[in-house]
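J.: I have a structure I would like to understand better, so I am pasting it below and will then ask my questions one at a time.
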Amino acid sequence: MNLFQKNEFKETPFLPVSPEEVPPRPPSFPKKPSPKICGSNYPLSIVFIVVNEFCERFSYYGMKAVLTLYFLYFLHWSEDTSTSVYHAFSSLCYFTPILGAAIADSWLGKFKTIIYLSLVYVLGHVIKSMGALPILGGQMLHTVLSMVGLSLIALGTGGIKPCVAAFGGDQFEEKHAEERTRYFSVFYLSINAGSLISTFVTPMLRGDVQCFGKDCYALAFGVPGLLMVIALVVFAMGSKIYRKPPPEGNIVTQVVKCIWFAISNRFKNRSADIPKREHWLDWAAEKYPRQLIMDVKALTRVLFLYIPLPMFWALLDQQGSRWTLQATRMNGNLGFFVLQPDQMQVLNPFLVLIFIPLFDLVIYRLVSKCGINFTSLRKMAVGMILACLAFAVAATVEIKINEMAPPQPDSQEIFLQVLNLADNEVEVTVLGDENNSLLAESIKSFQKMPHYSRLHLKTKSQNFHFQLKYHNLSVYTEHSVEEKKWYTLIIREDGKSISSMMVKDEENKTTNGMTAMRFVNTLHEEINISLGTDSSLGVEEDYGVSAYRSVQRGEYPAVPCRTKNEDFSLNLGLLDFGAAYLFVITNSTSQGPQAWKMEYIPANKMSIAWQLPQYALVTAGEVMFSVTGLEFSYSQAPSSMKSVLQAAWLLTVAVGNIIVLIVAQFSSLVQWAEFILFSCLLLVVCLIFSIMGHYYVPIKPEDIQGSADKQIPKIQGNMINLETKKTKL
């Protein structure tokens, strides 16, 4: 789980948690102390903030859990496009915090920023839910509403991201630093609880509830939207008891201006007569205070180490895209519970809750007792290696899935199976253009064919001639086929003779880990079949063939059916993950109409539990990389640069998602090869990062303050002749 994504609690180190890091508070706080919780030193106001964060994280991750499948199966985008848009949205969510921090620091303050951007957030959810209503317009309108809704959600969630945790820290008095530290732990738990519950619940709302005969994406998006409304209401309820510091200026802007001035000033003064300066940032001394320049120097040392970090996030954030798509081709039956493909994401927040105390209290202490100097940078490098191993495991799982899947027809090929619904054996011969035999089979009545037969074509489309021998009759027929398609030749009785019809089957792929089915009606009356959805499936009389219908995996012992003259039920048995079935409705027994079942696309054989090792590895890598990385980088930066560092950290997440977007669109690799590519890229980045870390010399924060007066050269002598002499000092 991305620690600034599903575990926003890791944002908290940006906030002051010790007396040494507490910035001076403006004198505009109310003099009257805020109410406390049950006589403790905890302000009552943090209750509203914690509940707000729980609801907001439920809203965000609940919506995001089903987003990839929404793109794939509701908007009917390709897997690559779905993955690209998913990561583009994730990237936007980590660019907008810069805007939110700028608005809060320079203009509105944290409280008003949270309120206003939460309204934008709610509006985004409303528009997104409307875009998931099948009855509202066509695909173009759904796409436009979805993109507008996601843009507003990205602005809302990203804009309030740097404000909520910091606003909670503002509620504590300086003498209650210990209580403030514990508050951040509770804040973290609320984030993980919201993520854990929503990632488990919203896939159930999508799959277990049917809307207009399909998965209920509108409900899966609407419930998170309702939680965001609750988050906004709860946060606004505490308005009168909040401590609300006014805007103090945007330090991010100051840092950018300082760096830009130093670079431009250096290029303006390239003369050999001008003395050189010890550090390139010293060229900002004509305009900016010495302490700010020293703080920026310390910041740039840490930012240099941030350069390799986006590749780690590129791997980590694929849990909600590529790994979810992988789960759709696996069997979610665990025996005691049946998992939906998008519910596997719940493993990440669950394992984070386990791994953080496990690493802190057990693993790190054991390593220390072994005499190993396990520094912060080494922990981060090990975290990268674990993520590499996770994607190697994911590639292995993908290869096994492909091995178990039936083969696909290539160019100038078709797959053909024959279904004999006559009352006796039929000999089938497929003849080519030169009357040569391409296929000869003797098929018994209602015989279940073990597999499709592969037939080669001379062109992309071709006519095949069929010779059918039934009793003493020989029937010749002709059917047209197209390459890369699946066909079923249905043989039926036609008086004392037989006839045939060619039916195009679904491609060898079912959607969303569900099961697909179609019906052949041999009765002389039209049948309406109710599959538990809002609309019934109609099958015409006299060997009518229905359209495909996707349903959830499960037992279907009594499916209601109706004709003009009677009502009856059909026992369809178990419909398993990813399988495709053909049911032939007959009335050949005294028990009434029955359903003869044939599985022509086998169910997913590989258990979804095989994804557990890759989730465990990537989560362990995340705990070692992200938590440790934040602790290290904050210890190396001055307290005045915390907000800048937060913005830089979020930008690494955004860039990581952009990397996935680029690879998904332009790599053209099969999935297992793409997993290997990401694993190798991160391994190379890990080696580069290890070399950078080897030459990095850690410093203490107090050293930054103490050296400010020693390293900035004083402006003397001919410095008055610099191009920047008109700048006001």
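The backbone N, Cα and C atoms fix where each Cβ goes, and this holds for glycine too.
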J.: According to TrEMBL, which stretch among 33-54, 143-164 corresponds to the feature transmembrane segment?
T.: 143-164
J.: Mind checking which residues of the chain, 6+ beyond the ends of the transmembrane segment (143-164), have their Cβ under 8 Å from one of its Cβ atoms?
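T.: Counting only partners 6 or more residues beyond its ends, the transmembrane segment (143-164) has Cβ contacts under 8 Å with 4, 8, 11, 14, 49, 52-53, 56, 60, 63, 70, 75, 89, 92-97, 99-101, 103-104, 110, 113-114, 117-118, 120-132, 136, 643, 646-647, 650.
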J.: Report, as numbers and ranges, every residue of the chain located at least six residues beyond the transmembrane segment (298-316) whose Cβ falls under 8 Å of a Cβ in that stretch; write 'none' if there are none.
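T.: Apart from its flanks, the transmembrane segment (298-316) reaches 1-2, 255, 259, 281, 377, 383-384, 387-388, 390-391, 618, 621-622, 625, 629, 633, 636-638, 641, 644-645, 648-649, 652-653, 655-660, 663, 678-679, 681-682, 685-686, 688-689, 692-693, 696, 699, 704.
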J.: State the residues, same chain only, that lie 6 or more residues beyond the ends of the transmembrane segment (116-137) and have a CB under 8 A from a CB inside it; answer 'none' if no residue qualifies.
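T.: Beyond its ends, the transmembrane segment (116-137) has Cβ neighbours at 56, 59, 63, 70, 74, 100, 103, 108, 143-146, 148-157, 159-160, 211-212, 214, 217-218, 220-222, 224-225, 228-229, 231-232, 235.
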J.: Which range wins on Cβ pairs under 8 Å with the transmembrane segment (379-397): 217-237, 647-669, 675-697?
T.: 675-697
J.: Which residues, given as numbers and ranges, are at least 6 beyond the ends of the transmembrane segment (58-78) yet have a Cβ under 8 Å from it?
T.: 6, 85-86, 89-90, 121, 125, 128, 132, 139, 142-143, 146, 153, 157, 194-195, 197-199, 201-203, 206, 214-215, 217, 220-221, 223-225, 227-228, 231, 320-321, 324-325, 328, 341-343, 345, 511-512
J.: Hey, which bits of the same chain come close to the transmembrane segment (346-367), Cβ under 8 Å, at least six residues off its ends?
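T.: For the transmembrane segment (346-367), the far contacts come to 1, 6-7, 192, 195-196, 199-200, 319, 374, 611-612, 615-616, 618-620, 622-624, 627.
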J.: Report, as numbers and ranges, every residue of the chain located at least six residues beyond the transmembrane segment (185-205) whose Cβ falls under 8 Å of a Cβ in that stretch; write 'none' if there are none.
T.: 1, 6-10, 12, 46, 49-51, 53-59, 61-63, 65-66, 165, 168, 216, 219-220, 223-224, 227, 340-343, 345-346, 348-350, 352-353
